[in-house]
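Engineer: Sharing a structure, written as structure tokens. Questions coming.
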């Protein structure tokens, strides 16, 4: 049973195996580190709102919990933009800067 | 019966049928049917992803929950962008590179074997059918409330339409319908936001400020319940943020795109839409509280599911109410079409072609079985919906997220990232995650009430770590078994992660 895409669509064409392995390690490290930060950062929000009164305040008629919550929704989008820029640069062969 | 609303629903359904008819000309083989021959562009797939995620439950449920429950309803909205960032970072691109038609393909790229594929397909079916039942029950109830159509008639009509969409249009048709629905929903939400903002003197957050001044600051501040309630909230968000990475109908969307770059672009497009959509829903909730009133919202529906349509009616009369009702029904149809494709792929490609016939099936036969499977699954889900009409839909949704977060998500993640993962670990992770997620729900307060053995209504806080633990223990147990090792990990990693250089 054939599974997955043909190598020329998404697979490696880097000739040097060592270079490719290093690129894959870097890719995995960036992805997993950023994912861990995202998960911990996100889960901090319900922990803080549920167990503390830090976000209970009101500023100008708007709940602080909501202000932080809106940021929790917008920040991942900015993170996604940054990751895509990095991934596109790596794909073009520009590497890390 | 609300004639205007019914006419708008009929008009929107007519558009979806035209789109299906157009798509049917491009739905000629199994590749077209399951993954649109992987030729969908980033923008189009991003809109279709948004179409999959922006459900009627989100628009109606969150608006109503905020109107009646204040900040507690906001928890249901806040996790979606973070969930998609995780998807972008760790799963989307490798899944696109390893998979073919289904999630099981991505796992099978590393570990062959019919048993594992069978369990993976079973998890996909459990998650998809639960989700379908939610949509059918929701659609039936909403059709009663919004259009005055009876529950069985609404479920039968919607089930038939879903089958027609997927039978004829396949993934191409489903994508067109999702894009149409996403544009329609975003347009409607934007129009409603403009009207709410005009109502509050040009201040988009004015309804929240007004609610605080009229009903007290507690309506816009987080509530502090007992320990069990707080842990339930954390479990809900953990299940949601991780579960989305295991939802088959969402994840198969990454198999439809041309390349890794398109996969990334599609998530980015979808995330901008989510950030707008989910930031706006609390504003609608407070606007409904101010303009419609808590008693009137409760009188329509105890859970507040009609808060958004009633808000539309207050601001724009019956025409806007009818438009929102029409968009909601189209939304349900589009989500069901996506679910049907994912689950019929699990039956036809994984169970029938690979497990039962060991791959000895022509592509034409596979397409036929996929179409028949889609119709059969629709019938099963409709029958379950008739039997489970009185079940709490939100409860079922939490079960689906928890099962996905505890089964398919850990196995996909470990297949892509953990060198020492093996087939025995994959089977142990899937079975352990499935048994713990479903078992804890059955032992929890939603099923046993005051006699509950497990205190939380949402099991993810326990079942997700347990799924990972089972996968780890299974991998340890299978370490000495060469047959469990699967394909060399370096080869898999090269296929999954290596970037194609562009000239």
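The backbone N, Cα and C atoms fix where each Cβ goes, glycine too.
All TrEMBL annotations are machine predictions without curation.
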Engineer: According to TrEMBL, transmembrane segment applies to one of these ranges: B:210-233, B:234-257. Which one is it?
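Structural biologist: Result: B:234-257 is the stretch TrEMBL calls transmembrane segment.
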Engineer: Name the residue range among B:95-115, B:368-388 that TrEMBL annotates as transmembrane segment.
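Structural biologist: Based on what TrEMBL states, transmembrane segment spans B:368-388.
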Engineer: May I ask you to indicate which of B:179-198, B:299-318 is given in TrEMBL as transmembrane segment?
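Structural biologist: When B:179-198, B:299-318 are checked in TrEMBL, transmembrane segment belongs to B:179-198.
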Engineer: Report the listed stretch (B:119-139, B:179-198, B:234-257, B:269-289, B:319-347) having the maximum count of Cβ pairs within less than 8 Å of the transmembrane segment (B:394-418).
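Structural biologist: Of the candidates B:119-139, B:179-198, B:234-257, B:269-289, B:319-347, B:234-257 scores highest.
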Engineer: At a Cβ cut-off of 8 Å, and with pairs 6 or more apart in sequence only, do we get at least 3 pairs between the transmembrane segment (B:119-139) and the transmembrane segment (B:456-474), yes or no?
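Structural biologist: These two segments do not touch.
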Engineer: Can you work out which residues elsewhere in the same chain, 6+ from the ends of the transmembrane segment (B:234-257), have a Cβ less than 8 Å from its Cβ atoms?
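Structural biologist: Residues 34-36, 38-42, 45, 48-49, 52-53, 75-76, 78-80, 82-84, 86-87, 90-93, 95-96, 99-103, 124, 127-128, 131, 171, 175, 263, 266, 335, 338-339, 341-343, 345-346, 398, 400-405, 407-409, 412-413, 456, 458-462, 464 contact the transmembrane segment (B:234-257) from elsewhere in the chain.
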Engineer: Let me check one thing: do the transmembrane segment (B:6-24) and the transmembrane segment (B:456-474) come into contact, meaning three or more Cβ pairs under 8 Å with sequence separation of at least 6?
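Structural biologist: Per Cβ check, the transmembrane segment (B:6-24) does not touch the transmembrane segment (B:456-474).
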Engineer: Suppose I define contact as three or more CB-CB distances under 8 A, residues 6 or more apart in sequence; do the transmembrane segment (B:179-198) and the transmembrane segment (B:269-289) meet it?
Structural biologist: yes
Engineer: Which residues, given as numbers and ranges, are at least 6 beyond the ends of the transmembrane segment (B:456-474) yet have a Cβ under 8 Å from it?
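Structural biologist: Residues 228, 231-232, 234-236, 238-239, 242-243, 395, 398, 401-402, 405-407, 409-411, 414, 421-422, 424-433, 436-437, 440-441, 444-446.
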Engineer: How about the transmembrane segment (B:145-167) and the transmembrane segment (B:319-347): do they have 3 or more C-beta pairs under 8 A, pairs 6 or more apart in sequence?
Structural biologist: yes
